[in-house]
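Peer 1: Structure in structure tokens, see below.
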Amino acid sequence: LECHNQQSSQAPTTKTCSGETNCYKKWWSDHRGTIIERGCGCPKVKPGVKLNCCRTDRCNN
């Protein structure tokens, strides 16, 4: 599985996630604006953090 792993609005980068079946994108707002984090897996998130998990290559941009 190949997942995006760039932060927020940086140029897209990807990494190969061996053994993973999900990519994730999570985002939240703070004083800097909207922060976006991407990576492998499907983490648990705190209340107020939005999460999208998906199961195809590069689906989490």
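Cβ atoms are placed via backbone N, Cα and C, with glycine included.
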Peer 1: Return the single candidate from CYS23, CYS40 listed in Swiss-Prot as disulfide-linked to CYS17.
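Peer 2: Disulfide partner per Swiss-Prot record: CYS40.
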Peer 1: Name the cysteine that pairs with CYS53 in a disulphide bond per Swiss-Prot, restricting the answer to CYS42, CYS59.
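Peer 2: Record-based pairing for CYS53: CYS42.
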Peer 1: Specify the nearest of the disulfide-bonded residues CYS3, CYS53, CYS54, CYS59 to CYS40 (disulfide bond), where nearness means the distance between Cα atoms.
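Peer 2: When the Cα distances are compared, CYS3 comes out closest.
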Peer 1: I need the least crowded one of these disulfide-bonded residues (CYS3, CYS23, CYS40, CYS53), counting other C-beta atoms within 10 angstroms of each C-beta.
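Peer 2: Taking CYS3, CYS23, CYS40, CYS53 as the disulfide-bonded residues, the minimal 10 Å Cβ count falls on CYS53.
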Peer 1: Report the same-chain neighbours of CYS17 (disulfide bond): residues 6+ apart in sequence with Cβ closer than 8 Å to its Cβ, ordered by sequence.
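Peer 2: In sequence order, the residues whose Cβ lies under 8 Å from that of CYS17 (disulfide bond) (at least 6 apart) are LEU1, GLU2, CYS3, CYS23, CYS40, GLY41.
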Peer 1: I'm trying to understand the geometry here, so how far is the Cα atom of CYS42 (disulfide bond) from the Cα atom of CYS59 (disulfide bond), in Å to the nearest whole number?
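Peer 2: It is 13 Å, counting Cα to Cα.
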